[in-house]
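In what follows, a structure is listed as structure tokens, so that the remarks can point back to it.
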Amino acid sequence: MAQETLTSESPPAAPAQELSVVVEKPQVTEKEPQPSAPAPLPEPEVPEKPAVVAVEEEAVEVEKPKVEEKEETKITQSVSFKEETNIAGELPEPQKKALDELKQLIQEALNNHEFTAKPEAEEKPVAEPEPKKEEEEENKEEKKEEKEEETPAAEISEEPKIVTDAPAAVEVKEEENTPPPPPPAEAPAAEVVVVETEVAEKAKAVDDDGAKTVEAIEESVVAVAAPPAEKEKEEPSAEVAPQSEETKEAQVPSPPPEEVSIWGIPLLADEKSDVILLKFLRARDFKVKDAFAMIKNTVSWRKEFGIETLLDEDLGNELEKVVFMQGFDKEGHPVCYNVYGEFQNKELYQNTFADEEKRSKFLRWRIQFLEKSIRKLDFNPTGINTMVQVNDLKNSPGPGKKELRQATNQALNLLQDNYPEFVAKQVFINVPWWYLAFNRMISPFLTQRTKSKFVFASPAKSAETLFKYIAPEQVPVQYGGLSREGEQEFSVADAVTEVTIKPAAKHSVEFPITENCNLVWELRVVGWEVNYGAEFVPTAEDGYTVIVSKTRKVSSADETVISDSFKTGEPGKVVLTIDNQTSKKKKLLYRSKTKPYSD
């Protein structure tokens, strides 16, 4: 975050458009602090809107707040975050090209075992003593040759092994400056070529006493040419020996490419793999190298953290009311609820955050919960592979709790770096004033893509906001919906009807019924504070109206959901009456079903 702050504050005197570019990209670099991360900063693809909030308190104060207001209205008014396609054939050409390039990088890494063979790669430099041996042998040969220069030519001819290497013979002859002698008739073709080249070099410098040196050279040439078979055996041993291990490695068949999977999906296999890769690409604005680095870091972190073994650990169920999955949104995304108010329980707070060991256990529990939830997603290109997060801030301990803040920041960093693009929408309900101020402070460091997923609702608007994205039958009863645990008369499969009752107005709901019918219904008014009554009106003109439920005032503290039923042997209708005498609108939710009536 420090890096982002420095980057965003560096160009205050620049025009507004340049500021928007510079402020957005630090977000990308923070997610993946790779050496190449500063390079993407100049690219102005996404950053214009995110920079709006970042420049809010800077020099340009006249234009930016206007843009910020538009931005906030977009976030609150959007019905749902529109996710991009995961079908490779439907991607824009630049994105399709980026996906192909990422696949190539991953394939090369798998072939080279870069995901699992990091220690071997670090040990390779240790296996380089052979060049030193060669240097030592060359130094020894040079010393021997220097000694040979001081000895007579007759002694040189007696030590053919020392003169076996062609370069050594050249050096000796160059020192003696002799004219070229004719090559021996018995010497192999290879030796003749060597001698001829040597002679050609010596012909440039001939001393007056060439006659003596010619005899010495003839003797040395004969000595060199005498054992050609030995030289052929010895020379490869001297020259090929350093390369023998490399040739052996080349001859040994390379191991098959390693197999690496994330969330049970191989990195390179089928269309599901493309969905995984696209998540990393989108998290890095389709910068291939950054996405590839993020994948490698994620794979490494998962091994260090022990994700596979974590799935089978028993970490208890003390936090099952803090984080839980329940229902789906209107687009089919599973919904995860995070209830921070549970930490008002001092005993639970201490058991979770009192020391580093307990915070570490909480982090492992949170990652385990997320991993199990992800395994239930559908990674087919047309499947649902993201989720909706609902964050309930009612009675939240607030930023003053140091231990909670530390654990939350640590968890957020891990989720941000290793779980890209798994959230379709972040809904914050029962938001206190201090959180809005906090969000306003961190908003400059969030990308427009991230901020477009955020929705904030005050306590009075929480239920209404949830109903925009989640059907009431899927919303838990504690948040204004009709979804309850355990066996109930109705399930999430039974649709709910929503009605808005105006202030100081009555609303009636009619359920027609036939003979021998048992009618069952349930309803609730969000916030209640209304009058409710129910009666049966027969179809026959001479029939009598039956009071099913006497009219009474219902407050929010009295009942959450009213469930009732009525049996009849004659046709008619059940009429429910809700009288809203307050000055505020009320949200009415109800549903019904008929069951066969039998005595």
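Cβ atoms here come from the backbone N, Cα and C positions, even for glycine.
Just so you know, TrEMBL annotations never went through curation; they're auto-generated.
Here is what TrEMBL says about this protein:
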COMPBIAS  1-10  compositional bias 'Polar residues'
REGION    1-192  region 'Disordered'
COMPBIAS  35-44  compositional bias 'Pro residues'
COMPBIAS  61-74  compositional bias 'Basic and acidic residues'
COMPBIAS  93-103  compositional bias 'Basic and acidic residues'
COMPBIAS  115-146  compositional bias 'Basic and acidic residues'
REGION    225-258  region 'Disordered'
DOMAIN    312-487  domain 'CRAL-TRIO'
DOMAIN    489-594  domain 'GOLD'
Can you give the mean pLDDT for the domain 'CRAL-TRIO' (312-487), rounded to a whole number? 91
In terms of Cβ proximity under 8 Å, which residues at least six beyond the ends of the compositional bias 'Basic and acidic residues' (93-103) contact it? 268, 274, 277-278, 280-281, 286-288, 291-292
In the domain 'GOLD' (489-594), how many residues does DSSP put in helix, strand and coil? 0 helix, 66 strand, 40 coil
Secondary structure split (DSSP) over the compositional bias 'Basic and acidic residues' (93-103) reads 11 helix, 0 strand, 0 coil
